[in-house]
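Working notes, beginning with the structure itself.
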Amino acid sequence: MVKDLRPVLFFCLFFSLFFSSSAQSCSNYVFSSNRVFSSCNALPVLNSFLHWTYNPSSSTVQIAYRHTGITTSRWISWAINPTSTNMPGSQALVAHQGSDGNVFAYTSPITGYTTQLQQGNLSFGVSDLSAVFQNNEMTIFATLQLPSSSATVNQVWQEGPLSGTTPSVHATSGANIQSMGVLNLLSGETTIAGGGNSRTRKRNIHGVLNVVSWGTLMPLGAIIARYLKVFKSADPAWFYLHIACQSSAYIVGVAGWATGLKLGSDSSGIQYDAHRNIGIALFCLATLQVFALLLRPKKDHKYRFYWNIYHHSFGYTVIILSIVNIFKGFDILDPEKKWKKAYIAILIMLGFNAVLLEAYTWYIVLKRKKSANKNPHGINGANGVNGYGSRPQQVV
C-alpha cells in the first residue's frame, strides 16, 4: 500500500515545489536589501514584475520594478502616464549600466515616440531612486508622489538595447507594443490597455486588409484571367470574374493602404522605409491598372498587343511586390506563427492550382493545335483555336 502512494507523494512534492518557485518570483520574492512590499504583480509581458506598497492617505507608493532574464547591454523602464495608456506623456523611471560599469537609475519625461530617454524632471515627485543588477535581473526602486488621489494608474513598462551607454529604440512589435495598461494599487488588478491597445488593433486591421486584397484576391484574379479564358464555355464569364476579383482587391487594398498611412502619421519616429515604399509603389501601379481598363483597345486594334504587354507586366509586378511586402509586414507586426503559416498555405494552394491549370491549359492548346493542323481552314471558320490562334491568349 505504501508503494502505491509513492507516485502521489512525488507529484505532491513536485507541485508544491513548482508553486513555491512561482510564488518566489513575485509575492514571496526576497530582495537582497531586505526591502518588503505589500503587493506584487507578474506583468503580462516582457518577463517583468512590479512590487509596491501603497499609502492612500499620503497618495504615495513605494515600488520595485524588476525585469528578469536581462543583461547589462539592455536598459529597462517603468512609467506612469497621468493622461493616457500610451507611451507619449509617460513619466518614466529608467535604469541601465553606466560608463563606470555600475547600474544607475534616473527619471525621464517622454514626450513622443522618438524619445532617447534623456534625463529630466517628472511631473510628480520621486525620491529614494536607485537600481541594482544581480542574477540577470535588473530592479528599479523608488518612492512616488502620485499625481492624483486615485488608486488607479496607467502604467507603461519597456526594455531595449544600449548603444554604448545610451538607450536605443526598443522593438516595435510583439510584446514591446503590448507593455502598457492599467494598474489598481488597492486590488492589484492589472490589465492590458483595452485588451490590446488601439494602435495594435489598427496594425492588425491593416495586415488583414492587405493579406486579403493584395496577397490573395489579386493573384486569384490573375489565375482566373490566365486559365479560364481557354475554356470556350467560360467566355465571357471569366472576364467579369477577373474584373470583380481585381476591383475588390483594389478597393480593399486601398483601405489597407490608407490604414497604413494613418499608422505612420500616428507613429512619429517609427518608420519602416522598405515596407512603406513598396506600399506606395503598389498603390501607384494598381491605380495605373485601373486606368488601363478604361483605356483598353478592342481586340483587333493595332495597339492591343502593346496594351497587353503593359497590362500583364504591371499586373505580375503588383502580385510579386504584394507578396514581398506582406512578409515584411509579418516581420514588423510579429503575430503568432499560425497567421504567417496560414498565409503560406494560401500561397501554396494558389501556386499548386496554377501549376495544374498551366499544364492542363497547354494540353488543351496542343490538342487544339494538332486538330487545327488537320483542318487548315481552322475551327469555327477562323485560323487557330476559337479565332485566337494556337496559344492561350492573355486578353483581358
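Glycine is no exception: its Cβ is also placed from the backbone N, Cα and C atoms.
Predicted automatically and left uncurated, TrEMBL annotations should be read as such.
The signal peptide annotation in TrEMBL covers 1-23. What TrEMBL records for 46-160 is domain 'DOMON'. The domain 'Cytochrome b561' annotation in TrEMBL covers 166-366. The heme b binding site annotation in TrEMBL covers H206, H242, H275, H311. According to TrEMBL, the transmembrane segment annotation covers 207-225, 237-258, 278-295, 307-330, 342-365.
Residues of the same chain lying 6 or more positions beyond the ends of the transmembrane segment (207-225) and with a Cβ under 8 Å from any Cβ of it are 238-239, 241-242, 245-246, 248-253, 255-257, 259-260, 282, 286, 315-316, 318-319, 322-323, 325-326, 329-330, 333, 335, 343, 346-347, 350, 353-354, 357, 394, 396.
Of all residue pairs in the heme b-binding list (H206, H242, H275, H311), the one with the greatest Cα separation is 27 Å apart.
Within the same chain, residues at least 6 positions away in sequence whose Cβ sits under 8 Å from that of H275 (heme b binding site) are N325, K328, G329, I332. Long-range neighbours of the transmembrane segment (307-330) within the same chain, counting only residues 6 or more positions beyond its ends whose Cβ lies under 8 Å from a Cβ of the stretch, are 206-207, 210-211, 214-215, 218-219, 222, 272, 274-275, 278-279, 281-282, 285-286, 288-289, 292, 295-297, 339-340, 343, 347, 394-396.
Outside the transmembrane segment (237-258), and at least 6 residues removed from its termini, the chain residues within Cβ reach (under 8 Å) are 206, 208-210, 212-214, 216-218, 220-221, 224-225, 228-229, 231, 279, 282-283, 286, 289-290, 293, 396. Across the domain 'DOMON' (46-160), DSSP helix (H, G, I), strand (E, B) and coil residues number 0 helix, 65 strand, 50 coil.
Taking Cβ-Cβ distances under 8 Å and a sequence separation of 6 or more, the neighbours of H206 (heme b binding site) in its chain are G256, T259, G260, L263, G329.
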